[in-house]
């Protein structure tokens, strides 16, 4: 078993380049199934386990997929099958986004109920409601969602919650539907805009991505195209916090300020200096951090995917902070691990009361989900002694070479095979 070991106390300085966004690339890869002509070429693709998983799903569906360096090519011109099996979908709930493209392209889709990080229920009912509105017959049997439609017809769909996945799935299904589809109360994340741009480059007619209403005029066919994935705003935010908590000076290359404006506002409120430069965002950490309250919200509110990382900087600030989670239930599983590092945190309903500044101590902790994995490593950067983070399978779903990038900025961090180290002499690693 691998673990990441961090020796706290080093200031981070230098520059770090962001990779393509995990939350953008997965639906874009799924959308390549819609192209009945040509070969799709996707650039700036991050080297993540989730990308390999979605590629395997497409291969199973009879698409020809290759992934070399940061480029994925997909030829979906053959006879696409419509059954996405449990063995792949259980690894990653985002696999559900193949359902819309399959339904539009083949008239049917059979997809296993999804897995991934265990963050609350995250139901798929909003996805299915959209498919049904367009004329699909949907049923759930034996752990699979089955949808069939002789033809999809444009419809008006109102989402009870601005779900990112449902917005993406319904939008993709609507591209080949007959007539016009209007989706209201949609997600407005940058990843939605990136997907819409890709679909439009393929010949779709999607209007309004980034606003609360998306309108899709159905077309008869889509043609493969070339597309570069937007930079990962969550990776950028994670490194911004790493720079801030260590009192460092780091340029986050390719970070897009408009994509993380809520995070920038909160960090500036805490006393962190943020400078927008031509090729990214520079973050300069202060001597003291001011306490702030944060509430996660759908975009353009504070992103739930930055919640656990933000709690690290909150527990280092002077005074009492509150983190309130409104997007997902059960997303405080990492709190118990942070307490092992001497964090003063108390869960009250959907909020965590955080008293600071904490004097963090190194400990052996286990990642409970993708973003918690990164947050525990961040905490290790400022803890006294050695922090050992296990369950790296979560980290690898969303961060490529995270420890290597931190090393390049000056952190004492190593990724090691647990069976090959002497835990009584961790100093020998550095």
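Residue numbers in this text run from 1 along the chain shown.
Using N, Cα and C of the backbone, Cβ positions are placed for all residues, glycine too.
Listed in Swiss-Prot:
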BINDING   22, 23  phosphoenolpyruvate binding site
BINDING   93, 122, 123, 124, 125, 126, 305, 327  UDP-N-acetyl-alpha-D-glucosamine binding site
ACT_SITE  117  active site, proton donor
MOD_RES   117  2-(S-cysteinyl)pyruvic acid O-phosphothioketal
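Overlay of Swiss-Prot feature records on the structure.
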| residue | record | DSSP (3 states) |
| --- | --- | --- |
| 22 | phosphoenolpyruvate binding site | helix |
| 93 | UDP-N-acetyl-alpha-D-glucosamine binding site | helix |
| 124 | UDP-N-acetyl-alpha-D-glucosamine binding site | coil |
| 305 | UDP-N-acetyl-alpha-D-glucosamine binding site | helix |
| 327 | UDP-N-acetyl-alpha-D-glucosamine binding site | coil |
Exercise. Including all protein chains displayed, how many Cβ atoms other than that of residue 126 (UDP-N-acetyl-alpha-D-glucosamine binding site) lie within 10 Å of its Cβ?
Worked result: 20
Exercise. List, in sequence order, the same-chain residues at least six positions removed whose CB sits under 8 Å from that of residue 327 (UDP-N-acetyl-alpha-D-glucosamine binding site)?
Worked result: 296, 297, 298, 304
Exercise. For the binding-site residues 23, 93, 124, 125, 305, which one has the sparsest Cβ surroundings, going by other Cβ atoms within 10 Å?
Worked result: 125
Problem set entry | Tertiary neighbours of residue 22 (phosphoenolpyruvate binding site) (same chain, Cβ under 8 Å, six or more apart) | 46, 48, 50, 51, 232, 234, 235, 397, 398
Seminar exercise, completed: CA pair residue 23 (phosphoenolpyruvate binding site) / residue 93 (UDP-N-acetyl-alpha-D-glucosamine binding site), Å rounded to integer, equals 12
